[in-house]
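*Asks:* Handing you this structure, nothing more for now.
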4 protein chains.
Amino acid sequence: MSEFEESGIGEECGVFGCVAAGEWPTQLEVAQVLTLGLVALQHRGQESAGIVTSNGVNPPTYNTLKGMGLVNNAFPPEDLLKMRSCNLGIGHTRYSTTGISELQNCQPFVVDTLHGKIAVAHNGELVNAAALRRKVMRHGVGLSTSSDSELITQLLALTPPMEEVDAPDWVARIKNLMHETPTSYSLLVMYTDVIYAVRDPYGNRPLSIGRLVPCLGRGKSGHPSSVCLLCLVLRYYREVMPGEIVQISKHGIKSLSIVPRPEGDLPAFCIFEYVYFARPDSIFEGQMVYTVRQQCGRQLAIEAPTEADVVSTVPESATPAALGYAQQSGLPYVEVLCKNRYVGRTFIQPNTRLRQLGVAKKFGALTDNFAGKRVVLVDDSIVRGNTISPIIKLLKEAGATEVHIRVASPPIRFPCYMGINIPTKEELIANRPEFKDIAGYIGATSVQYLSVEGLVSAVQGGIPSIQKGERISTKPSRRVGHCTACLTGKYPVELEW
Amino acid sequence: MSEFEESGIGEECGVFGCVAAGEWPTQLEVAQVLTLGLVALQHRGQESAGIVTSNGVNPPTYNTLKGMGLVNNAFPPEDLLKMRSCNLGIGHTRYSTTGISELQNCQPFVVDTLHGKIAVAHNGELVNAAALRRKVMRHGVGLSTSSDSELITQLLALTPPMEEVDAPDWVARIKNLMHETPTSYSLLVMYTDVIYAVRDPYGNRPLSIGRLVPCLGRGKSGHPSSVCLLCLVLRYYREVMPGEIVQISKHGIKSLSIVPRPEGDLPAFCIFEYVYFARPDSIFEGQMVYTVRQQCGRQLAIEAPTEADVVSTVPESATPAALGYAQQSGLPYVEVLCKNRYVGRTFIQPNTRLRQLGVAKKFGALTDNFAGKRVVLVDDSIVRGNTISPIIKLLKEAGATEVHIRVASPPIRFPCYMGINIPTKEELIANRPEFKDIAGYIGATSVQYLSVEGLVSAVQGGIPSIQKGERISTKPSRRVGHCTACLTGKYPVELEW
Amino acid sequence: MSEFEESGIGEECGVFGCVAAGEWPTQLEVAQVLTLGLVALQHRGQESAGIVTSNGVNPPTYNTLKGMGLVNNAFPPEDLLKMRSCNLGIGHTRYSTTGISELQNCQPFVVDTLHGKIAVAHNGELVNAAALRRKVMRHGVGLSTSSDSELITQLLALTPPMEEVDAPDWVARIKNLMHETPTSYSLLVMYTDVIYAVRDPYGNRPLSIGRLVPCLGRGKSGHPSSVCLLCLVLRYYREVMPGEIVQISKHGIKSLSIVPRPEGDLPAFCIFEYVYFARPDSIFEGQMVYTVRQQCGRQLAIEAPTEADVVSTVPESATPAALGYAQQSGLPYVEVLCKNRYVGRTFIQPNTRLRQLGVAKKFGALTDNFAGKRVVLVDDSIVRGNTISPIIKLLKEAGATEVHIRVASPPIRFPCYMGINIPTKEELIANRPEFKDIAGYIGATSVQYLSVEGLVSAVQGGIPSIQKGERISTKPSRRVGHCTACLTGKYPVELEW
Amino acid sequence: MSEFEESGIGEECGVFGCVAAGEWPTQLEVAQVLTLGLVALQHRGQESAGIVTSNGVNPPTYNTLKGMGLVNNAFPPEDLLKMRSCNLGIGHTRYSTTGISELQNCQPFVVDTLHGKIAVAHNGELVNAAALRRKVMRHGVGLSTSSDSELITQLLALTPPMEEVDAPDWVARIKNLMHETPTSYSLLVMYTDVIYAVRDPYGNRPLSIGRLVPCLGRGKSGHPSSVCLLCLVLRYYREVMPGEIVQISKHGIKSLSIVPRPEGDLPAFCIFEYVYFARPDSIFEGQMVYTVRQQCGRQLAIEAPTEADVVSTVPESATPAALGYAQQSGLPYVEVLCKNRYVGRTFIQPNTRLRQLGVAKKFGALTDNFAGKRVVLVDDSIVRGNTISPIIKLLKEAGATEVHIRVASPPIRFPCYMGINIPTKEELIANRPEFKDIAGYIGATSVQYLSVEGLVSAVQGGIPSIQKGERISTKPSRRVGHCTACLTGKYPVELEW
């Protein structure tokens, strides 16, 4: 059954790569696994998707598929079927942070160099991208897109200068790159038959490694020959460390190097990954995201207790926090809203009146569960305040006597320059005059947020001193730090403009 | 604000109509409301969608939009924008039960008669359709589709014979139709400026009436001129009674007639509406579907108690039953699975191995919540057994020590001839040899179903003796009955072939 | 090679049918032949296309394909491939004359009757359609489209009344229909394993029968085993006579009946088929359309001689008339315009200025051939005058000293009620004040039209007293007559409103 | 009316640029004019199309539109409408010669450099592309496509090295490029507010300059205020000389430099432009292409006279040669084939039998014009021999007693490395054994080709010693030479591999 054992890198942030570990060539499945991996990351970017595969021989044949929209629509099945005999590959889903949204800016980016083609998929945003662009162009290189990914490929090709005679030392080139730009990036670099998984020294964006394993079932009669494959599971292996370069090939997983941070700097893993971006089953720093969110709910119940009858959630992302709030407060947890999964985000409404009707139809009120009661409604964040208002109205209209909003994260107040799309400072509700009477503005009985300290303690309290998944000999810094820039305005590195 | 007060018929089964109650003509919004209504019914049919609107004057102008696929894709926004000055309309979403899946078979069906055009939208399946087709064709009528909806329009046009001089008595024609076919149908018939809402004498399919009401918000300063519309809510009014014909027009809602069942027959509302089809916020027979499902979970906990550590759900439809089971059993409720909402049903996989990988990627395991524990997993039904197997494997692989499946409905064993698409008898797991050791077959520690009696008592126990919503003077039979044909093989009427 | 011998009906006006004459079932090719036939008729209708095929057994399976736009786009290749084992079929291309342009109105129309399904494709327009619709609806039939084709199918189903016991006498039903409506129609009616080809008693629309024959080539060595198929040719057989019903089946072609015109009425074949609609290789009334057009050019040279240096054409439809003019006048024929075949009709231009630039780019000037010369430019008709103006300007700009427009048909002045789409009376240039100085209006040196008498003599002068293609024993009226209603206002039958 | 006076570059080979000469900004029309220009060049490339526009200010805003397929389908009208305020632009239609057919390879190519963005559109094929790619990559530049266009942009950016302080001397960079690669290219390079039009020193690909001029019409009354625009005409100005760099801006057209060929080398304009590629109304070297083709026909009549009754053409490209043949031979010219313009190239046929039926249906036989006669059928070339066979069969089947094929160009025997897509040597009929008895192979009575000498004399005989369009003071070499490599195997430069 070794043909199913494929070693793969599972990344929770829009990049995904995989290498078939069994006998090469495999048939078709690497492209399929990439596609499934991107679907699993779809929540991180819905504007475009791309995959590049290699057959792994020298010189390699690369195949590229890119498309706008969701992964399932972006790749025509007939094109996927054409991707035969690919043995490794990398993929990307994109929600534009830099660069306008066009097929051309879609990753992974492939360039041909003197030593063959490399493909790069990048999650994050280079804080010094403008300076690096000027540097590359001063060398006489023209840049055909505005994406960081092209910039990275050209930087890799440029330094040190290439000679036709020597072999390309891609690891040295990657280290050079890491010295040129501190953050933020989780990178996959594919060259012929290897993938380099790279995480910036601050570890701002997540990047993990896993292994696909088959689950076997037994046939009716139970005798061995009727064993059949039931499913494949991506078994979590470990995170790539801040600053680490890991090489993945058919021969296995190998840690090559760790590029250090400046003396005294703490790691700066994005705390909003815990709050919102990551899937609840992700594991960061040794702890499950769902559990951290539940802990945020508990902390919120301590910081902002409420006289009420029931606790509920705005489904689905706030559910762990709501359950945590209920457990801590001792109030019963009920469902008050049911969601119509067919109401898409893209539904076009010609005027505001109908757009709000749309919000209302997205949720139905489960009246019996709260009519005549005081409701604590836990949400994971309030960014603009547009969606919570109609929900509160809906609950009141359906019989709730009080609706107390409890937000399981602190208010966002500052822009992010490290890869997260955030509304302008003016659009953020915490920076607006209405915020002074936020409860009145959105129609709630009361509104309370989790404190920054509460969030940090919920996150850092659960990190084990030695990570569970740790199996490698390198000793990364156990010192804990997180980027809270969007909440506090304290950025982990000095920003260049 | 009277322009927002529109009286509408909310139907939970694929047909939806609405009449603007304010000043005519309204601009554009009737078509939009129809579309939103169909989106809310999308779970009942995803193959095609159609709407027909009328401007309501005499002679009327009808506009038709039909398309394949989901509502949001079926109607191009530019076409919706063209539907100006429509004041009433009916719509339909379709999951083919009779008639092949083609645009041509897509409802509503419109025909021109001597007295103008009528439009018909139909949910259900006429048990004697074959005989009625022969009858219509014997009159020399050619039928251009295989849909019951065309058959109904031709039957309405045919009897009694039309004369150019008289006015068409559509209500008499609808009554004739109801005497020709006992079940199953919930119908909307639009003629010029009225919609007739019709439910068959057995009440097999649901049909409800509601009223769209605006929710008003207050501006910052709170003074009256800053009042603004926050959302529109469909306020439930009442169900159409079995056998009832209700007329909806700009002048209001009027019950015209109730066609009785044969002496001694009970109503036969489809019990699977409670179990699976209806949205959890629907109200049937005076009770909320969510509450009935929760009650099914409680009943299941009584019938099938388990030694276990936690209770959980296969999200999302089984969640109320799982909460009910947890409450009754006293076991803690936790989430064990998170769902990737981007994994669509239509994702094409080239082989079985990858299809099962697909199932696995649809759900992520929330390991911390159940590792090392005995899990009761509540699901709403097991039809073929294909999806529960990989889920069980996933939980065991992630550390569950036992997985007990509890199904909140009895096994389906018989076909439905009244509008529900059910696999063939041979495909239903309850009719297969594997069913004898179902737990072994799907890999569970144990499997237990709710009994038919338990389901019926959970459904009928909650029906109030006088329905809450009742406001009309007619006295429909309070006698309670439900169609359990797919569970018991006992059909409410004799079937014709 | 008998499998290639298929008997087909070739119609030059938007309907096409074919029957495989060899061993049944044939594979796939009937649907392909229908598609090719419709492509050959594409110039008659570009709005939608449809085909219906039958496997020819009892009861038959019919398959339908319909789509908007050109034939090549209307039918997805994968759907064509699904049309296996079809042995006969009919098709239709549509340029809406009655009924709005929607997929629903797209022909052929299929209805299920007590005796099975019939399919109807219709070219023409029933002059008494409104009265017939009322008649059908008085029988209680609802009409779901505004197309004459549905009306015809319902009339065929209605009279005489159907009984389940008897066999359907479709020929009697078709005769009934022909007595109900005098003109205009060329019909194909398919029932199980036969196609009835029907032409109205006035013969207003063309309808011909042909036979597909293989052309065999010889291999390199010339010995018999290397014979290979080179192409298939549709060999013209004969026209369907005015009023005739011809039955086509695998057993051959059989004339069943000729329904006569009222005593004293002449046939009324549309003279504009010769002038513009028909393909130049069509054969009507024993003469080739190309030859008639050349004769119109000769007649025009006699009626409107010109002092000039060269004669040319507005490519491509006016070329035979221009060559005829050149031959008769003795002036040299040259090409003055080259056409860009990629300039489609549907190209969207945001303003008039660019639309006219579009006209200019549709044609290039072949300067060397006319610079410094006086040009006679022959066109086949001037309807609105919009396209000839920029062409004249183009020629003058490029050096023509004079541009004399000679139009090879008389001016259109009246509407057509028999199936031809003509601009409103007000839009026709011949009815507008500018017409008095048409040369000045369009910028020509002079303008002259062919006279009505000249056109009629060019058309009727070439009709042989006994038609070449005639092989059947029936003796249709040799008396010659043509419909010139759009030129003279004299309609062949009294018009009902 | 100065707003309509736009100076544009009209290129006959797939690239087109235009600069609005009136007041800037103009509204919308530059993008429209580019689109119309590409439609006029559509015959040169149907795989993809692209345009890039600039608003012409400093720093400029560039907008790019690219799409697969025909120009009219490639650019959604709503995207064209968004291209507001563009004052100049370049466009490209592509039929892949190097680089696979993907949107990514679609031109124009835009890169950002230290001194801003340049856009490049290229027609031709660099004979030393492989060596140039290595050179660029040795500088550390990664190449993201396989297109020559990207290579050219990177070469322009690379040499001489860019400094942030200096201004970019694009003309010097273009000259550097021209010294690095001798042929073949016709280039448009856009930078901010100018377009550089560049033709390689051998003049292998055509490139011309024109001016769009309005045609004015007079209103009915004839008085001045009713003057209206009738059309826009592209007035031919002159060709770009071999080796010339011409600058086009709102300030006019300016010849900047002529890069010479190596001593002793003749120009090498592609002779197949005259034979087949160019539109008949194009003007090269002072002569109209149509006239050259007519002359080829005359020469063919001298070289290959025939005993026959009529001369005809395979429409439409061979018509001037056929008319020339008729004039020289004294035989009457008639049309024998009519073409169905709706039979597209892309029509998918499932087997060879039906594909040949497709060829047959593409043409109809105009029987009256040749039945019983000996036909000379002039075609412009025979490449594979696949299409002429069924045509000959069609004519013979329809009554031609003899069919003599006369080909107005010599047989193609060698590959082209300068931008023309030619079948492999083995596919070319002139290199195959069947060629010995080509008449027998294709079923003709006889077959004769024009000689290479005859073609060269027909082409060179008409070139005026001083070109008509010449208005600039530079004195380009009057020495005449043409590339006949595909006919003779003599390439104008030594080929590198």
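Cβ atoms here come from the backbone N, Cα and C positions, even for glycine.
Feature table excerpt (TrEMBL):
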- B:CYS13: active site, nucleophile (ACT_SITE)
- B:13-251: domain 'Glutamine amidotransferase type-2' (DOMAIN)
- B:CYS270, B:CYS416, B:CYS483, B:CYS486: [4Fe-4S] cluster binding site (BINDING)
- B:SER317, B:ASP379, B:ASP380: Mg(2+) binding site (BINDING)
*Asks:* Neighbourhood of the Mg(2+) site (B:SER317, B:ASP379, B:ASP380): other residues with Cβ within 8 Å of the Cβ centroid, in order?
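*Replies:* What remains near the Cβ centre is B:TYR276, B:THR313, B:VAL314, B:ALA318, B:ALA321, B:VAL378, B:SER381, B:VAL407, B:ALA408.
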*Asks:* CA-CA, which of the binding-site residues B:SER317, B:ASP379, B:ASP380 lies nearest B:CYS416 ([4Fe-4S] cluster binding site)?
*Replies:* B:ASP380
*Asks:* Between B:CYS270 ([4Fe-4S] cluster binding site) and B:ASP380 (Mg(2+) binding site), find the distance joining the two CA atoms and give it rounded to the nearest Å.
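*Replies:* Answer for this pair: 16 Å between alpha carbons.
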*Asks:* Which whole-number value in Å describes the distance between the Cα atoms of B:ASP379 (Mg(2+) binding site) and B:CYS486 ([4Fe-4S] cluster binding site)?
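*Replies:* About 18 Å separates the two Cα atoms.
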*Asks:* Check the domain 'Glutamine amidotransferase type-2' (B:13-251) for me and report the mean pLDDT.
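*Replies:* Here the predicted model's pLDDT, averaged over the domain 'Glutamine amidotransferase type-2' (B:13-251), is 81.
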*Asks:* Determine the Cβ neighbour count for B:SER317 (Mg(2+) binding site): the number of other Cβ atoms within 10 Å of its Cβ.
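*Replies:* For B:SER317 (Mg(2+) binding site), the 10 Å Cβ neighbour count is 18.
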*Asks:* Using a 10 Å cut-off, grab the number of neighbouring Cβ atoms around the Cβ of B:ASP380 (Mg(2+) binding site), all chains included.
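*Replies:* So the number of other Cβ atoms within 10 Å of B:ASP380 (Mg(2+) binding site) is 21.
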*Asks:* Can you give me the residues near the recorded [4Fe-4S] cluster site, meaning same chain, not B:CYS270, B:CYS416, B:CYS483, B:CYS486 themselves, Cβ no more than 8 Å from the center of the site's Cβ atoms?
*Replies:* B:ASN204, B:ILE271, B:PHE272, B:MET418, B:ILE420, B:THR484, B:ALA485
*Asks:* Under 8 Å between C-beta atoms and at least six apart in sequence, can you list the same-chain neighbours of B:CYS486 ([4Fe-4S] cluster binding site), or say none if there are none?
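*Replies:* Result: B:PHE272, B:ILE412, B:ARG413, B:PHE414, B:PRO415, B:CYS416, B:ILE420, B:ILE422.
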*Asks:* Just how many other Cβ atoms lie inside 10 Å of the Cβ on B:CYS270 ([4Fe-4S] cluster binding site)?
*Replies:* 28
*Asks:* Work through the binding-site residues one by one (B:CYS416, B:CYS483) and point out the residue whose CB has the fewest other CB atoms within 10 angstroms.
*Replies:* B:CYS416
*Asks:* Roughly how many Å lie between the Cα atoms of B:ASP380 (Mg(2+) binding site) and B:CYS483 ([4Fe-4S] cluster binding site), rounded to a whole value?
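*Replies:* That comes out at 18 Å between the alpha carbons.
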*Asks:* Which whole-number value in Å describes the distance between the Cα atoms of B:SER317 (Mg(2+) binding site) and B:CYS483 ([4Fe-4S] cluster binding site)?
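*Replies:* Between the Cα atoms of B:SER317 (Mg(2+) binding site) and B:CYS483 ([4Fe-4S] cluster binding site), the distance comes to 21 Å.
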*Asks:* When you measure from the Cβ of B:ASP379 (Mg(2+) binding site), how many other Cβ atoms are you left with inside 10 Å?
*Replies:* 20
*Asks:* Per DSSP, to which secondary structure element type does B:CYS270 ([4Fe-4S] cluster binding site) belong, with helix, strand and coil as the options?
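*Replies:* DSSP call for B:CYS270 ([4Fe-4S] cluster binding site): strand.
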